Amino acid sequence: MQQVTLNNCDKTMPAIGMGTVLSSRPGADPSETMKSALLEAIKAGYRHFDTAFIYQSEKPLGEAIVEAVHLGFIKSRDELFITTKLWCTFAQRDQIVGACKLSLRELQLDYVDMYLIHHPLRVSEKIQKFPVPKEMIHPLDIKGVWAGMEECKNLGLTKGIGVSNFSCKKLEELLSVAKIPPAVNQVEMNPIWQQKELREFCNAKGIHITAYSPLGAYNTIWGDNRVMECDVLTQIAKSKGKTIAQVALRWIYEQGVSLVVKSLNKERMKENLQIFDWSLTQPDLEKISELPQHKGFIMASSFGPHDFVMQLDAEI
Ligand SMILES: NC(=O)C1=CN([C@@H]2O[C@H](COP(=O)(O)OP(=O)(O)OC[C@H]3O[C@@H](n4cnc5c(N)ncnc54)[C@H](OP(=O)(O)O)[C@@H]3O)[C@@H](O)[C@H]2O)C=CC1
Ligand SMILES: O=C[C@H](O)[C@@H](O)[C@@H](O)[C@H](O)C(=O)O
């Protein structure tokens, strides 16, 4: 598997990771299906896994890792690259190390490879349901929270630290206070939401981008079919004897971006790994670059249509 070298992280990251969101909504229980699918993914060759405290997939991922070692699919956990994320209710200076340790306990790990701030906002109480009431949503104390993230790295709880859903503006703010600059910004990116400006900014600052919802979160309640039913991608896929998903993933990879794609289906998880031994042509790339753009993940749909949240949506 192709690897990505990151700043401020002494482990390389596989260019494709397995996503683990089923639903982040309270009450969701991804345990059993998730564990066997993740074991299948390790067997299929996935070595990078993307989880988060809020996904409730840390526990099944941890169990799948234990079993994968037991079954001999991998020799040790060190062969994997595990990303998890600080949830918004723990986004305060004195809660970060504890939150990271909580995630490690769920994962049954001593360290993660990447710890990300999930969103650039803080929620002051445990979320019982979405959307979240306005009085619970607060701006992020970037300086304090990042100091907590740096402490996690200095304590060896994580090899790298980074962010998710950060705009250029939020990254500027972060870079002005960071002792250890972020290695990664994980954001929505696919042919229908190409993030050209953010990519230029991150390239210039040495921040690696990981694309989430690379298939436009097809068939989920938070996504739609714009990527998987796109005519231009369909034509390119036909001309190459590839699937639309493979064309979308290959396009992301050719932009120098890593990606996390979710499939619990054995055939589709294998299909999504087959993107490294062929390439898109210049005319293909030009057609994709002209596709009309549409942002899929709207923070205001999760956190509520509050001014501060809508401002964050407008920035990224
Ligand atoms: N940082 C953040 O805020 C966010 C991070 N993420 C991360 O990114 C990961 C991936 O993004 P996600 O939003 O899940 O969406 P994806 O774009 O990865 O799409 C997943 C959907 O596509 C289907 N699918 C996967 N492969 C194929 C294929 N080859 N052909 C047809 N359908 C396919 C899956 O179904 P099936 O399982 O049946 O194959 C699933 O319904 C998440 O799981 C999560 O880890 C996602 C959103 C926000
Ligand atoms: O659903 C609401 C959650 O807060 C949401 O913001 C995240 O979980 C995000 O969708 C993700 O998948 O990382």
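Just so you know, glycine gets a Cβ as well, placed from its N, Cα and C.
Pulled from TrEMBL:
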{"type": "ACT_SITE", "residues": "TYR55", "note": "active site, proton donor"}
{"type": "BINDING", "residues": "HIS118", "note": "substrate binding site"}
{"type": "DOMAIN", "residues": "16-291", "note": "domain 'NADP-dependent oxidoreductase'"}
{"type": "SITE", "residues": "LYS85", "note": "site 'Lowers pKa of active site Tyr'"}
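Around the Cβ of TYR55 (active site, proton donor), 23 further Cβ atoms fall within 10 Å across all displayed protein chains. The sparsest Cβ neighbourhood within 10 Å, among the listed recorded positions (LYS85, HIS118), is found at HIS118.
The secondary structure of the residue listed as 'active site, proton donor', as reduced to three states from DSSP, is helical. A mean pLDDT of 96 is what the model gives for the domain 'NADP-dependent oxidoreductase' (16-291). The residue listed as 'active site, proton donor' sits 9 Å from LYS85 (site 'Lowers pKa of active site Tyr'), taking the Cα positions as reference. For the pair LYS85 (site 'Lowers pKa of active site Tyr') and the residue listed as 'substrate binding site', the C-alpha distance works out to 5 angstrom. A coil conformation is recorded for the residue listed as 'substrate binding site' in the three-state DSSP classification, outside any helix or strand.
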